[in-house]
Amino acid sequence: MTIALGTFTKEENDLFDIMDDWLRRDRFVFVGWSGLLLFPCAYFALGGWFTGTTFVTSWYTHGLASSYLEGCNFLTAAVSTPANSLAHSLLLLWGPEAQGDFTRWCQLGGLWTFVALHGAFGLIGFMLRQFELARSVQLRPYNAIAFSGPIAVFVSVFLIYPLGQSGWFFAPSFGVAAIFRFILFFQGFHNWTLNPFHMMGVAGVLGAALLCAIHGATVENTLFEDGDGANTFRAFNPTQAEETYSMVTANRFWSQIFGVAFSNKRWLHFFMLFVPVTGLWMSAIGVVGLALNLRAYDFVSQEIRAAEDPEFETFYTKNILLNEGIRAWMAAQDQPHENLIFPEEVLPRGNAL
């Protein structure tokens, strides 16, 4: 009988193995297969945004100045959406709109679709990066799952919402003041603050902030092996074998404060994951609803009574009037291509006037 010793090895020159070895080897900045999507898309998205905010005007799409070159600052510069007449065109540089002319492409708003699409794929690449690294070091993939929340919000707001409307024009432009304008637009045209999905989103984000503050303070409060003298940084010593904080003490403290407390670390940290991610997903679902022009809560009985009785008004009816004002004043400013002119007598006024 013949016994063969040693291991069977594949052909060393296999292209996939060579690429896999190079992409996933241990280095200061991990690349990975996900990096083939992440790094180019992130580079182009950020590069497009810096280019647009520095040099490109929004005069031809919105009738606005939007670049540092025109006098804007960091808060007012933006990469603005294409004109409404371009609908949902991808606005490729070589497409029928720009016909390979880079200057014309920028004037038409081509940088917005460029930044939006590369940004979306860059975020997806970052989530895949977390999956890939988690698999490499044998972790659960909850980081990647949690990051699906911001991705869902980005995709719903910047892509799905304008796809449900008449064009990319109604998406947010990429800038601070531009996002504020979009928020006012959402309130005036969709009554977004009274939408239950927005309420769940606010509860999730603010609830997560509260949980983070409570959790961080509690762990700091219950650290032990805390060093000697004024130096407290030994609490973070990575070579300390045992735990650095007391879960039992934390449980007793919050049991006395609230009457209830987490007794299990896994449930506690899952809850801290669940609250913000669920909130972000609910917000994203709500924005998808707005893309289809679904309405928020309507308390019609209060509106009818307020219209009939000058002395009856609620915070809801006042908000409805404010929304009408936003629509009337904003539409003419925000959609100059419609040539909207509202006479004074049709502009909304509250009962107090």
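Placement of Cβ uses the backbone N, Cα and C atoms for every residue, glycine included.
Looking up the ranges 153-166, 167-180, 265-278 in Swiss-Prot, the one annotated as transmembrane segment turns out to be 153-166. Of all ranges given (91-107, 125-141, 312-328), Swiss-Prot attaches the label transmembrane segment to 125-141. Within the same chain, residues at least six positions away from His198 (chlorophyll a PD2 binding site) with a Cβ under 8 Å of its Cβ are Trp192, Ser283, Gly286, Ala296.
Counting in whole angstrom, Phe262 (plastoquinone binding site) lies 10 from His269 (Fe cation binding site) by their C-alpha atoms. Counting every protein chain shown, the Cβ of His215 (Fe cation binding site) has 16 other Cβ atoms within 10 Å.
Put simply, of the binding-site residues His118, Gln130, Asn143, the one whose Cα is nearest the Cα of His269 (Fe cation binding site) is Asn143. Neighbour density at the Cβ, taken as the number of other Cβ atoms within 10 Å, is lowest among the binding-site residues Gln130, Asn143 for Asn143. Rounded to the nearest whole angstrom, the C-alpha distance between His215 (Fe cation binding site) and Asn143 (pheophytin a binding site) is 18.
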